[in-house]
Each structure stands twice: as C-alpha cells, then as structure tokens.
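Read the structure below first, then the notes.
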C-alpha cells in the first residue's frame, strides 16, 4: 500500500490530490487547493510551504509527486512558478518524502489518454472515475 500526494504548483493557487495505491487498485483520499492571500511573493511562498506541510501531516504520504517546470513565454510567471514548486518540494524533503517530478503532458496522457487535455476534460474524467467520492469538491480551500 502506497499513499501518493500529487501537487500542481502555482504562486496563487496550488492544487493537490491524495490517493492510496494497493496493487493495481486506486482509492481517492482527498484533494483541494492552497489559496494564498498574501500580496507579496515571499508571504505566498510561506503559505504554500505551510499548506503542503499540513497536507503531509494530515495524510502521511509515502511519495510526493509534483509537476515539472514547463517553458513559458512570460519569464516572470515561470520564475514565480519555480519558486512555488521549490516551497512545496522543501516541505516534502523536510518530511523525508521521496520527490518525483512529472511533465503535465505525461500525467494527462496516462490519466485521460491525451497529453493535450485541458483542465475541463481532466476535471470531467476525474469526476467520473470509479474511485472518487461522488461529493468531491476539488476546489476546497486549505488554510
């Protein structure tokens, strides 16, 4: 049995999902978002670190998976995303979790069958998957 914490980093909204893998069976454990409220980036990074640390404490995952950095035309956005990733990764490393990085296209390909799937298609698949709770609210707020 392995509990996996997956992170979709962002400097304003960081998404997360937690599943339990037992052999080939997957069980949904939880998901939501860490929404930062600080105006300045250092305060947002602190909130991301604290939020991910809280999720790790709550679910006690065995593995930490995070989206890889992608190329962006907006250098400022790419730098902020990289810093948000760093905050989340430090929380995982401080909890002695192995960190695995995956390209978003690879995750989408594995889950919905196409690497170019948009968020709406991914959300539709997720809401229909057999191991997700029917009352799932993926955008719940983390403190």
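Every residue number used here counts from 1 along the chain in the order it is shown.
Using N, Cα and C of the backbone, Cβ positions are placed for all residues, glycine too.
Values in this document were obtained by computation on a predicted structure and should not be read as measured data.
Database features (TrEMBL):
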type	residues	note
ACT_SITE	8	active site
ACT_SITE	67	active site
BINDING	8	Mg(2+) 1 binding site
BINDING	67	Mg(2+) 2 binding site
(request) List the Cα distance (Å, whole number) between residue 8 (active site) and residue 67 (active site). (result) 6
(request) Enumerate same-chain residues with a sequence separation of six or more from residue 67 (active site) and a Cβ-Cβ distance below 8 A; give 'none' if the list is empty. (result) 7, 8, 9, 85, 101, 102, 103, 104, 107
(message) I'd like the number of other C-beta atoms within 10 A of the C-beta of residue 8 (active site), please.
(response) 17
